[in-house]
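Trainee: Feature annotation from Swiss-Prot assigns Zn(2+) binding site to C70, C72, C97, C100. Taken from Swiss-Prot, the feature Mg(2+) binding site applies to D502, D504, D506.
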Amino acid sequence: MIDSQKEHQKLKITLVSPEQIRVWSETILPNGKRIGEVTNPKTIDLATNKPERNGSFCERIFGPVKSKKCACENKFGEDKKGFAFVDRKKTNDSGLCEHCGVEFMDSRIRRYRMGYIKLASPVTHIWYIKRVPSYIATLIGKQNSEIKDLVYCNLFLARPAVNKPTILRFRGLLQHGEITSWMEILVPYISGWNFVEFQERELATGGTSIQKQLIGLNLRALLNHSYMEWRKLLKNHRIQKRKNKIEKRKNFLVKRIKFAKNLIQAKINPEWMVLCLLPVLPPELRPIFVLGEQVVVESDFNKLYQKVNLRNKNLQNSFEIQGGPFYSTGDFLTLQKRLLQEAVDALLDSGKSGQPRKDHFRNRPYKSFSDVIAGKEGRFRANLLGKRVDYSARSVIVVGPSLALHQCGLPRELAIKLFQPFLIRNLIGQGVVANIRAAKLLIQRRIPVVWKILQQILLGHPVLLNRAPTLHKFGILAFQPILVKERAIRLHPAVCTGFNADFDGDQMAVHLPLSIEAILESRLLMFSHTNLLSPSNGSPITKPTQDMLLGLYILTTEKPRNISQFRCRPSNPTKKFLPEANLCFCNYDDVFIAYQKNRVSLKNPLWFRWKVVNGTILTSVDQEVPIEFQYQSLGTSQQIYEHYTIQRARSGKVLTIYIRTTVGRIIFNREIENAFLAFSKLSESPRAMPVFLNKSDTMFLMILNSCSAKQNCGKPAKRGLKYFVNSAEKILEVSLYETKKTSPFLQ
């Protein structure tokens, strides 16, 4: 549904009422007649190549085939021969032919004017039946198999309308064999049209049974009842015997609550999931061609609509059958209702309707409505979302381990093409060149000043990266472009989860936001470091990859220790103990300086002075017991644990804490602290939203300052990726060295 009354048009896919379908499909002619219902299964007359009256190509319903011409080949205001004017009284001043009833208008109306088929019996929409779990089964509270048997007339629902008097005293669902004996008794009383009245009151099947149950639903009462039941089940979660049943029931209630809440918010009635009027697409969207010698080439929709119309007409004729025993009439009507349901299923979604109908001439199944709009070649992705647009590019993605989470590597050749208008404006504005022609010549020569100005432009202009298919909002994100000399786009590996991308040849598209509103939206809402959590369940969508985790493991690994490390060595009087066994540092800077000067390795253990906070230290072991107590002559004491020591004064106050750690763990802890510090500063002192100024550079600078604190989030993962690469290089060097030693060819 496209709402064109408002300022901004929008496309909304939702359930609609039968009244709305009638409003879309019916047309009021100038003489006051209402048209729109398709009753004839035929399409065109092969003898005259003209549409059949009241058929799926009728000119009265969908408009004329030729502009300003009716079905009689008569133009508005002219005689059939084109010489004399026809009397206005015969053709109507409003432009309606009295002979064929076709309006004189533009033939393009056949592209958007719809029709409808009035179904003789309600038909359930297949999208809400064959889905697991079924929406209808969730609302009604029955199993999926029972709902399917009701829809396809294998079961009967007793007393569908409880507010009317009934003859039979059945309850619930009944099979065909259970009601056969009662049918024989009611033979003299019920037949023909009386069966319809009997069906509405006593036994219902097919779409009628589903519609009756959905009409009686009160969504708000159902929502409250489901919520109260869910609250009661929360109190019984400790019962082990029924734990699995309780969990299943809780999950079912949660789905029912969500679905009922969505229906209430969208103002949708549940009975709209059962179709009474079937919309017919405009003829131009399902064309038909006659190629001579009665060879017809037509859209699959026409065959499917024809089958629906034929079976609907058969069901209408079945209601008019008079006489005969009740059970034979009932069986015949039940069969016709099932055939109509299957025909509508094949039209809407042949993939879910079981065995799809095939075109025996071309030996392939017919394309249903779902097949046309779904998938990569469907209407949305191929025609609406798959269009080529200006200011866009495309290239292969490769990993960028040196990038921040909000950055992407943009090839220089792509950037200079995308930002060429901005380059020309800046070159002229800064006085480098005098006109556009000189600026283009300068850009073609690729002189250094061009790259310098391009760097300045990229600093305040994000780009959008998109990978098809765009299934959710993480499929297109904004990044700060960084110029690279390669021809591939560099991407941080942590954001690949949202794109569902990997580095095995995947391609991504680059789009350039042009307007000030689009750039603002990219900065505030679409940057990758501001989209870290999944909106569906709150779990992180941006997570460290396996390479990063392995690098962090290598970074924080401690060198294996044994007693030989602390053994006295009398043969070396200058170094009786290993130098790294008793190394002690007081702050981070001392550790980093010693590591840079190669005085200590990454994995060797050392003692590090820790901050005294409440005299405690968190460990992985609760209430850890000291290994040893040491008391000094001045009254101070020292408690020695497995991985740390605590020195206390005579009063019991904690003086110092030393922990046993490594340089790698200190580096990792420092990165984590910086990341948390950036988040805490951002939350404690939130900046106000920048005022919309005329100078966009000032506004973008304020937005950059407000977003810069979050850019430290990816540093720990980046550090892990760095050490993973370093370790992989060392392993590769060792393996190559061993290979050279064993292979005479490489030697």
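Along the chain as shown, the residues are counted starting at 1.
Quick reminder: no glycine exception, Cβ is built from N, Cα and C everywhere.
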Trainee: Please work out which residue of D504, D506 has the most C-beta neighbours within 10 angstroms of its C-beta, and give that one of the binding-site residues.
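Mentor: The residue with the most neighbouring Cβ atoms within 10 Å is D506.
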Trainee: Report, as a single number, how many Cβ atoms besides its own are within 10 Å of the Cβ of C100 (Zn(2+) binding site).
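Mentor: C100 (Zn(2+) binding site): 16 neighbouring Cβ atoms within 10 Å.
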Trainee: Among the binding-site residues listed here (C70, C72, C97, C100), which has the Cα closest to the Cα of D502 (Mg(2+) binding site)?
Mentor: C70
Trainee: Hey, how far is C70 (Zn(2+) binding site) from D506 (Mg(2+) binding site), Cα to Cα, in Å?
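Mentor: For C70 (Zn(2+) binding site) versus D506 (Mg(2+) binding site), the Cα atoms are 54 Å apart.
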Trainee: Taking the Cα atoms as reference points, how far is C100 (Zn(2+) binding site) from D506 (Mg(2+) binding site) in Å?
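Mentor: It is 58 Å, counting Cα to Cα.
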Trainee: Taking the binding-site residues one at a time (C72, C97), which has its Cβ surrounded by the most other Cβ atoms within 10 Å?
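Mentor: Per the Cβ count within 10 Å, the most buried is C97.
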Trainee: Considering the binding-site residues C70, D502, which residue's Cβ sits among the greatest number of other Cβ atoms within 10 Å?
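Mentor: Top count of Cβ atoms within 10 Å goes to C70.
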Trainee: Measure from the CA atom of D504 (Mg(2+) binding site) to the CA atom of C72 (Zn(2+) binding site) and give the result in Å, rounded to a whole number.
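Mentor: Rounded to a whole number, the Cα-Cα distance is 63 Å.
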Trainee: How big is the Cα-to-Cα gap, in Å, between D506 (Mg(2+) binding site) and C97 (Zn(2+) binding site)?
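Mentor: Here the two Cα atoms are 59 Å apart.
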